[in-house]
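Enquirer: Sharing a structure below in C-alpha cells format, with a few things to ask.
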C-alpha cells in the first residue's frame, strides 16, 4: 500500500492535509509538518474528521521521530535585518497609476497598489486587475484558495473574461464571434495589470477559450438584438455562476490530454472564494462569494477615518447565510447542514467556486473518480464523501452584489482575503491606509497596563515609537504598508521590527499555524472627478 503522502500528493499538498484533518503527517520531503495541537481552529479551512484520525499519522517510532525533528518547532535567535524584511515584504508588490490625457486624469480611479504575503507554500491566494476595453470601468479582485491553489488560479485567470463578456452589448458579441469564424484578430476586451509572478496557464488557454466562446454564443442567442441597458449586478451574478458551472462541466467531461484532464479535476475538487469590484465612474459594484472582504475608506469632515463595509462574510457568523442554508434543505438536516460553524462540519465558507464534493451527487462523484486518472482514483480525499450528505448541492458560487455610489469623501477601497481581517480590525485597516495616503499619522496614547513607569522609561518608549514610525513610511505601496502592520504591529499600534522579523523568519511548516496567506488591493479614488460627477447632477 502506498504511503499516505503518495495517496494525497500532488492533488493536495501534505502540509494542507495537516490543516484539513488536524493530524500530523509527513510532507513530501519526509519532514514532520505540523500537529493539530498547535493549529488554531480559526486557521483550519476544513475541520478534522474521525475517518482520518489515524490515516496520516506515522505508526512506528512516533516519539523518536518527533524528537529527531524537534528543530522544526525550536525557537531560534535569528532576526532578519530591515533590508531583508523589506525584500520579503516587497517581493510581490505591484502598483498601477491610471494614465493622464492632456495632463488630466478623467478616471474616478487614480490607481491601485497590491501585494501578497504567503503563509502556504505555494501561496493559495491569487489577485487580478484589468481595465475593460470594450466597455467602461475597471475590475479588481482577490481570490482565496483552499485544498490547494488550482481553483483560485483558474478563477483569477477566467472570471474577469466572463464578467467582461456579460457586460458587452449584443453588437460587440456578434463582432467577436464573426472574427472567430473568419479567423480574424479578436477585439481585445481586457487590459491586464499583473505582477510578473502572476501567471496564466498556457496549457489550458484553448480549453478556457472554448468554454468562454460557448458562453458568449449563448448570450447572442438569448439576445433579440434590441438595444437594452446592461444590468451590472445581473452581469456579475451570471458571470460567477457560469464560470463555476463550466469548472464543474469540464471536470465531468474530461479531456483527451492527460495533463489537462488532471488539471480540470484538480480545479474542480479544490475551491476558492472571490471578492471582485467593478468601478465605472462613480458606480461601484462589489461581488463577493465567501469570506474575503471589501472595505471603503471614508474621510469625515474632521479628518478622521471611518470604515464602510461593502461585503458580507458567507460563513457561520452570518445569520442570513445560516437561514438560507436551512431553507434550501429539508428540516431533517437542520442540525447537520452546519456543524461546528462549518458546512457539513467541514468547510468554513458557505459559498465558493469549485469544491464539487459539496455540489455533485454521490453517484456523479464516484463515476468521475472511477473514470479519472490514477492519481484521482487512488486519492483518499477525493473518494471521501462528507457526512450527512443527502441533498446536494450544499455549496454555491453565486455572489452577493453590493452597489455604492461614490462620494468625494470616499477616498479608497481595500479588497483583501481573510488573512488580513483575521489579524486586524476593519477600522484599524482604514485608519492605517488613510494616514499612509495622506501622510498624517495620529499617534495612539501609550498604554502601560497599570505598571509603574518612570519618566526615563516613558521617554524611552516614546523615542522607540518615533524611530519605528520613521521607518514605516518608507513604503511606496499602500498594500505593503498594510501587510507590515498586519504582521508586525505591537500593543502600541506601531510596527515592531523584532516581531516582524520573527514572523517572517518562520519556516514554511510553522508559518501557517500563526497566520494565513494575505492578499491586498488598495484602490485610490480621484475625489476631483467624483466631485465633478456629483456637481453635474
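Using N, Cα and C of the backbone, Cβ positions are placed for all residues, glycine too.
Pasting the feature list from Swiss-Prot:
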BINDING   144, 145  Mn(2+) 1 binding site
BINDING   144, 418, 516  Mn(2+) 2 binding site
DOMAIN    109-525  domain 'PPM-type phosphatase'
MOD_RES   202  N6-acetyllysine
TRANSIT   1-71  transit peptide
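Describe the structural surroundings of these features, if you would.
Expert: Counting only same-chain residues at least 6 apart in sequence, those with a Cβ under 8 Å from the Cβ of residue 144 (Mn(2+) 1 binding site) are 124, 125, 152, 272, 273, 274, 290, 291, 292, 417, 418, 419, 517, 519.
Secondary structure at residue 418 (Mn(2+) 2 binding site), taken from DSSP and collapsed to helix, strand or coil, is helix.
A coil conformation is recorded for residue 202 (N6-acetyllysine) in the three-state DSSP classification, outside any helix or strand.
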Enquirer: Applying a 10 Å Cβ distance cut-off over all chains shown, what neighbour count does residue 516 (Mn(2+) 2 binding site) have?
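Expert: Around the Cβ of residue 516 (Mn(2+) 2 binding site), 25 other Cβ atoms lie within 10 Å.
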Enquirer: How many Å separate the Cα atoms of residue 145 (Mn(2+) 1 binding site) and residue 516 (Mn(2+) 2 binding site)?
Expert: 11
Enquirer: Within 10 Å of the Cβ of residue 145 (Mn(2+) 1 binding site), how many other Cβ atoms can you find? Include all protein chains, please.
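Expert: Step by step: centre on the Cβ of residue 145 (Mn(2+) 1 binding site), count other Cβ atoms within 10 Å, giving 30.
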Enquirer: DSSP secondary structure for residue 516 (Mn(2+) 2 binding site), reduced to helix/strand/coil, please.
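Expert: In the DSSP reduction, residue 516 (Mn(2+) 2 binding site) maps to coil.
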Enquirer: Kindly state the mean pLDDT of the domain 'PPM-type phosphatase' (109-525) in the predicted structure.
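Expert: Averaging the confidence scores along the domain 'PPM-type phosphatase' (109-525) gives 92.
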